[in-house]
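Trainee: Here's the feature list from TrEMBL:
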TRANSMEM  A:12-42  transmembrane segment
TRANSMEM  A:62-80  transmembrane segment
TRANSMEM  A:92-108  transmembrane segment
TRANSMEM  A:114-134  transmembrane segment
TRANSMEM  A:146-164  transmembrane segment
TRANSMEM  A:197-215  transmembrane segment
TRANSMEM  A:284-311  transmembrane segment
TRANSMEM  A:323-343  transmembrane segment
Amino acid sequence: MIRFEPREPASLSRLILVPVAAAVVALALAAIPMGFAGLNIFKAYGLMATGAFGSLFAFTEMLTRATPLILTGLAAALAFRAKLWNIGAEGQLYAGALAAVAVGTGVIDAPSFVLIPLVVFCGALAGGLVMLGPTLLKTRLGVDEVVTTLLLNFVILLFVQMMLEGPMKDPMGMGWPQSEPILDAAALPKLMARMRIHGGLIIALVAALGVYLLLKRTVWGFEIRAVGENANAARHAGIPVTATFIRVGLISGALAGLAGVGEVAGLKGYLTADLSPGFGYSGIVVAMLAGLNPIGVVVAALFIASIFVGADSMSRATGVSNYLADLIVAMALISVLVSGLFLRFKVRFVGQRHTEGAAK
Amino acid sequence: MTSTVDGAPVVLKLERITKRFGALTANDDVSLDLHRGEILALLGENGAGKTTLMNILFGHYVADEGTVAVAGTNGTLKELEPGSPHAALNAGIGMVHQHFTLAENLTALENILLGTEPLSSFSSARGKARKHLGDLMQRSGLTVDLNARISSLSVGEKQRVEILKALYRDARVLVLDEPTAVLTPQESDTLFATLKKLASDGLGIIFISHKLDEVLAASDRIGVLRGGRKVADQPTAGCDKRQLAELMVGKSVPESTRTPQQPGAALLVLSQVTTGTGRDALHAVDLELLSGEILGIAGVSGNGQGTLAKVISGLEAPISGTVSLNGKQLTRSSARGMIDAGIARIPEDRHRDGIVGPMSVAENLAIETIRKPENQRFGFLRFDAIAARAKEAITAYDIRCQGGNAPARLLSGGNIQKIVLARTLDSDPIVVLAAQPSRGLDVGATADVHRRLLEARSRGAGVILISEDLDELMRLSDRIAVIHRGHLSSAERTENLDRGTLGMRMAGHSEEQAA
């Protein structure tokens with residue numbers, strides 16, 4: 001029989017060790033199907049590592065992939081800290097991207113130092129406003145935000161498709177459903193010549209630091225933690241619970257919106273309906289892997305990004321499907337969730353005793 | 001009474017039970033015998049290990065060391081399989097938890113039969129069960145309407161169903177955890193009369209309590225636990241209150257007493273306050289709290305005192321009626337508004353409403369004033385100031401913790417209450433609302449709470465003390481009002497009241513009594 005006994009708060013070393021161990025376990029578990037697929041496991045992981053870290057190009061590609069994941073990861077982590085279950089980062093990302101192309105493709109003509117901040121601001125605002133609806137429905141009417149945010153993802157994606165087929169369709173786009181390109185003056189600067197890595201990474205890292213400071217050092221952060229850990233006590237102590245939820249919803253949505261800005265204004269240059277391969281959903285995984293810690297989000301996003309980029313590269317070299325990356329990520333998430341149990345509880349194995357035989 | 005038990009066979013034997021949770025030893029080498037037909041009171045402060053011991057007995061926990069043995073039907077002791085509630089039930093141990101484990105939407109009969117019926121032959125056994133229960137009720141005097149839904153029963157009736165449930169399963173040992181916590185004094189007397197009858201029929205009974213009076217009145221033998229160890233095990237005859245209190249706490253506890261004091265002007269006035277619907281709603285409640293007095297609110301749990309506390313805490317707005325403080329009407333019904341008006345609120349459920357468990361002691365001490373300039377500048381927390389004030393409060397209120405950074409959830413109930421007291425009373429509030437402030441606290445922590453409330457009173461604050469403990473109310477309150485089904489009686493001076501009168505009013509017999 002297995003028994004769980006609560007343990008004292010885990011030490012910092014354990015907090016770091018457990019997710020790392022979980023990642024290793026995930027890689028080990030994923031090796032099983034790789035073995036069945038006939039791969040040399042060490043070679044395959046070697047190829048993955050090379051694909052993510054083997055060259056300057058590989059490394060910057062990995063960082064480029066991590067950029068939106070950091071932002072959607074932060075969006076989830078911040079919201080989840082307040083127990084506001086924002087599953088809608090995907091939709092908020094598209095809303096941010098849509099706003100970025102709406103103001104960044106020629107409607108306004110201004111120099112870079114005006115246009116870039118404007119595009120970034122509008123993208124963040126759009127993401128925040130998308131999250132405001134579900135937040136208000138939750139605080140006013142008690143509507144479950146898991147349902148509303150999740151369903152809004154599809155509404156927004158369909159809206160984006162409508163815009164791309166209609167009013168925002170690029171007349172020069174050869175009939176493809178895509179927006180006009182972002183003006184050069186509105187594009188986020190590249191960080192390195194001939195590489196795709198862009199200014200969105202700086203935004204993401206600053207955002208991570210910002211969310212960390214917000215949670216740790218500010219009154220708002222204090223209130224967010226209090227509401228998240230015990231909303232009843234927070235309300236009793238006079239903390240504005242509703243205002244805190246709205247604040248968190250706006251910031252969380254804005255962070256996801258920034259991810260969309262980075263993808264269109266930093267990477268792709270125009271908006272298509274396949275801008276995001278599920279960055280919003282992966283952000284939830286990132287946040288969970290990170291234990292909802294903003295600095296941990298950066299590390300977890302780098303991990304997930306290197307798995308994705310590495311698996312792509314390995315798949316090209318070996319012919320094994322890059323769905324393997326999803327498998328590893330899923331294993332990592334399960335491992336981390338299980339390991340969370342080990343952080344909070346001591347697990348003891350108690351020998352089964354027989355009723356009759358035990359009498360001495 | 002004890003002499004009749006001495007020769008009786010042992011029905012339950014706990015031998016050298018030790019249970020550790022991490023660094024904490026909850027039970028340390030505890031041995032206990034229960035005889036046939038005996039009522040054993042298990043006395044101890046909160047955290048003394050009473051409930052842990054009973055949970056081991058009932059198979060919820062597994063002891064690290066030691067054994068539990070129960071007498072079989074033939075009287076020989078047999079060791080109980082550890083960690084199995086099922087085995088405990090089969091061995092004839094019945095447990096009545098403090099929070100009842102009844103399905104509210106089923107009838108009393110269905111609840112009693114739940115888990116005893118085989119899935120086949122569902123209907124045929126009912127008649128027999130009903131007859132058997134009828135016999136049981138007649139023998140024990142525990143009468144309930146078997147066809148009534150649990151949700152329609154009073155607390156006392158629910159408790160009877162719980163006991164019947166245990167008897168129906170042929171319990172030879174009955175354990176009751178704090179059975180009187182939810183009862184009126186009259187209901188408690190009835191309960192103890194029933195227990196005595198059951199014991200005289202051969203049932204072995206353990207009841208857990210921290211109320212000295214009832215332990216002395218109702219038990220044959222008293223076991224005292226302190227810090228996980230058994231410090232006394234003696235016949236009730238020959239025990240006295242002071243000695244038991246000292247055994248429980250390990251030192252003598254000075255009881256706070258009220259000194260006469262002239263109350264001042266009206267502070268908090270509720271006029272015709274009515275809230276929504278339901279059993280817990282308030283109906284046209286009038287209340288006037290004077291400066292320098294403690295106003296007690298007596299009542300059986302669930303009669304509206306929770307709602308009254310919510311209204312004064314700013315968590316629920318009345319649908320009609322007014323609340324005013326110092327002659328000024330409080331229109332903004334919010335927790336913030338009440339705090340800013342100078343009302344200190346000690347919540348009934350301190351774990352749920354009082355602290356944010358994972359946050360630190362220091363943060364919990366600052367939570368009500370986090371937006372005040374002393375705690376923040378431009379929206380950034382002033383950690384040094386928060387830590388410094390936490391350190392002062394920890395000393396001043398004797399909060400036992402590993403420092404201001406320790407998570408509040410690791411503290412004992414008494415120390416958690418001290419956090420609440422420190423942060424609410426430190427700002428010298430005009431009005432103090434104390435809802436069940438000593439519930440679940442040990443003797444030492446209770447004395448501390450009482451002292452703080454009396455201090456606030458002598459400072460000139462008005463204190464509203466909502467409690468289910470009549471001893472506490474009568475000792476501390478200048479005046480006492482009784483709440484029943486949402487109606488609040490007018491407050492009367494404590495000198496003019498006695499337990500009987502209050503008990504009648506708590507049960508809703510105010511008119512007859514007043515006439």
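The backbone N, Cα and C atoms fix where each Cβ goes, and this holds for glycine too.
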Trainee: At a threshold of under 8 Å on Cβ distances, which of A:12-42, A:62-80, A:114-134, A:197-215, A:284-311 pairs most often with the transmembrane segment (A:323-343)?
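Mentor: By Cβ pairs under 8 Å, A:12-42 leads among A:12-42, A:62-80, A:114-134, A:197-215, A:284-311.
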Trainee: Which of A:12-42, A:62-80, A:114-134, A:284-311 has the most Cβ pairs closer than 8 Å to the transmembrane segment (A:197-215)?
Mentor: A:62-80
Trainee: Considering only Cβ pairs under 8 Å, which range in A:12-42, A:114-134, A:284-311 makes the most contacts with the transmembrane segment (A:62-80)?
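Mentor: Top-ranked stretch among A:12-42, A:114-134, A:284-311: A:284-311.
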Trainee: Could you give the residue numbers and ranges of same-chain residues that sit at least 6 residues beyond the transmembrane segment (A:114-134) on either side and whose C-beta is under 8 angstroms from one of its C-beta atoms?
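Mentor: Distant Cβ neighbours of the transmembrane segment (A:114-134) are 75, 86, 88, 91-93, 95-100, 102-104, 108, 143, 145, 148-149, 152, 156, 182-183, 185-188, 203, 246, 249-258, 260-261, 265.
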